[in-house]
Amino acid sequence: MGTEEKMTRSDIDLNEPAFYNNRELSWLAFNERVLEEAIDERNPLLERLKFLAIFSSNLDEFFMVRVAGLKDQVKAGFNKPENKAGLTPKQQLRQISERNHQLVQLQDRVYTETIIPMLSQHGIQFLTFDELSDKQRSFLEKRFDHYIFPVLTPMAVDAYRPFPMLLNKSLNLAVVIKNKESDSREQLAIVQVPSVLNRFILLPCEDGKNQFILLENVISYFIEKLFKGYTVKSVSPFRITRNADLPIHEEGARDLLREIEKELKKRKWGAAVRLEMQEGLMDPNVLKLLLDVLEIHKNDVYSLQGPLDLTFLFKLYNRLIVDYEHLTNETLIPQPPEDLIGETNIFDAILKRDIFLHHPYESFQPVIDFIATAAEDPQVLAIKQTLYRVSGDSPIINALARAAENGKQVTVLVELKARFDEENNIQWAKKLEKSGVHVIYGITGLKTHSKITLVVRHHNDEIQRFVHLGTGNYNDSTAKLYTDMGLLTADEEFGIDATNFFNHLSGYSEKPQWHHLSTAPFEIRDTFLDLIDQEIECHKQNGNGHIIAKMNSLTDKPIILKLYEASRAGVRIELIVRGICCLRPGIPNVSEHIRVFSIVDRFLEHSRIFYFHHGGDDKVFLSSADWMTRNMEKRIEILFPIYQQSTKRRIIEILTITLLDNMKAREQNQFGQYRYVKRNPSEQPVQSQLTFFDMASRFSDSEAE
């Protein structure tokens, strides 16, 4: 290394903003990758439709939480740059608005110019009133009179009746009317499009096609029926998004459950952060009024050619897949886990060896069976579990309730602060309490995000402890859609760690000394930093330093700085980060040995895996935590090692195959841009998610033979 290069390297300030991606803009880049899936012609048509809905749903939450938070900072006069890319809240809002308008316009074009015409080719059509037959018009008028009209409530806006407080994410019609009998000025009324009614209406059609019309179009057409004696001058559809981040004051709350219930009611009425309208249909005077009443800036107005709120496409997808299965992905059935083939009793199987689970390729059912069996087993004394997000009719909740009714000691930490699942979790908490479960409502100032279950069993005068640790939620619905990993073990020291973990959550004990676990908000960041430091030392000695880390998001600056340090030392680093990534790879003398990949495919990549070559003595860890500051400091998380060699080999193979993906993988360049990984003509196509399903199916089939 020359003197000049040495000087260049030592002079580099790793805090330079150019070495980082802004968190919010990086998230928008992720949502752009979601939109790319709607554009990708290799995806079946109805799957592309669903990705448009996912893009919209993601964006709603982004505005309700992230944009709303930045706006609150600006209102409070906070102008300090964030600690990575160095952007102030105002600068972030400006760049978010600019990029978002581009992406929303692209989504709008994809829907109106690509997806809708392609649906029409398959006999799926969305019609306007001009395109309806007389029979269809007659059908809709009856439908309106009998089913829609009774649900509608026109809300006049005048000196005595102020502008109504409109619900978050509600679709509304601003109706300008004029009295037929007088020369009085025009008046305004608001009609909310009822969310209790289906957004699309199937029309009678004699040629076998599936023809639909949107609910707001029907209401607009017959709207004069709501305003007898008035002429309707204009109908302007619009939608507002509000601040929905809950400011929970935990320190002063005597009852956290009641405090959250109280704040949930306010969520519907937060400050407006976005206004969406349909191009060509918005009355200019109405727009001016909306901007004034909602206190919204013009930069926060989004004008679309197509319909507002494409999240209705989720329901349309579910309606169409019955008749158009050929336009969807092939159904993939989760297989029996490799480690449980031939086993009949879950506890006997775990006593033989650690059980590794790879969802959704391997079924989530063994996790449900683990808890359900424990609930009925007379030898089980206690069950303890953390719950962050669960499904609507959760078999796990039912099993826990049954266990308590069977006289077992059941303790469940239900995280009431799981964003947008608060209401659901409150209901489950109440149900569990009624069944006799001891429910803990989270920890003050922290979210319990760890995924852990402890079953204590009495057998042959001995106490056995069985532990499940995972990267994903105890949610049987999302377990079919998210990629996650889990471990079932009867290792005595893991059992002791699990016992101490739950005692720490439920009581007043100091942080325990762990045998194997690392936890947040305590030592988890230090553990990661130490592991990277060890890899740097191994590389200096052996020249083969290698780190592979897979996660949802990477934002934590101390970890990014340590990764830059490792890269500068020559350690090869491969990161698989689905969402936000504030680290920039490939920067000379900073991150030139780091590569960053993102996979967006039919399943949501959710597993957190950490591999360190460690001079040939491979170290593998799984975790509930991403490399995000909130996971390090504001959540209760668990990092756990994998010791069983066969499981280690499987996880390393999974990481290797993921890095070979040349169908759905994108790679980030040094400027923060993502591009599809290019496949050479000589290379075999690798779509890692399908490869994992093939592997699970082949193993299951071979064992069955």
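Each position is counted from 1, following the chain as shown.
Backbone N, Cα and C define each Cβ position, glycine as well.
Not measured: the values here are computed from a predicted model.
Within the same chain, residues at least six positions away from Y482 (ATP binding site) with a Cβ under 8 Å of its Cβ are H359, P360, G472, F603, L604, E605, H606. Under the three-state DSSP scheme, Y482 (ATP binding site) falls in the strand class. What Swiss-Prot records for N58, Y482, R578, H606 is ATP binding site.
Taken from Swiss-Prot, the feature Mg(2+) binding site applies to R389, R419, supported by sequence analysis. With a 10 A radius on its CB, R389 (Mg(2+) binding site) counts 19 other CB atoms from all the protein chains.
Every protein chain shown contributes to the tally, and the Cβ of H449 (active site, phosphohistidine intermediate) ends up with 23 other Cβ atoms within 10 Å. What Swiss-Prot records for H449 is active site, phosphohistidine intermediate, and it gives sequence analysis as the kind of evidence.
R578 (ATP binding site): 22 other CB atoms within 10 A of its CB, across all protein chains. Using a 10 Å Cβ-Cβ cutoff, N58 (ATP binding site) registers 18 neighbours. Report note: the ATP site is defined by N58, Y482, R578, H606, and the residues of the same chain whose CB lies within 8 Å of the CB centroid of those residues, excluding them, are N552, G579, L604, E605. With respect to their backbone Cα atoms, R578 (ATP binding site) and H449 (active site, phosphohistidine intermediate) stand 19 Å from each other.
Across the structure, H449 (active site, phosphohistidine intermediate) and R389 (Mg(2+) binding site) place their CA atoms 9 angstrom apart. Taken over all pairs of the listed ATP-binding residues (N58, Y482, R578, H606), the Cα spread reaches a maximum of 16 Å, rounded to the nearest whole number. The secondary structure of N58 (ATP binding site), as reduced to three states from DSSP, is helical. Recorded residues R389 (Mg(2+) binding site) and N58 (ATP binding site) have their alpha carbons 17 Å apart, per Cα-Cα distance.
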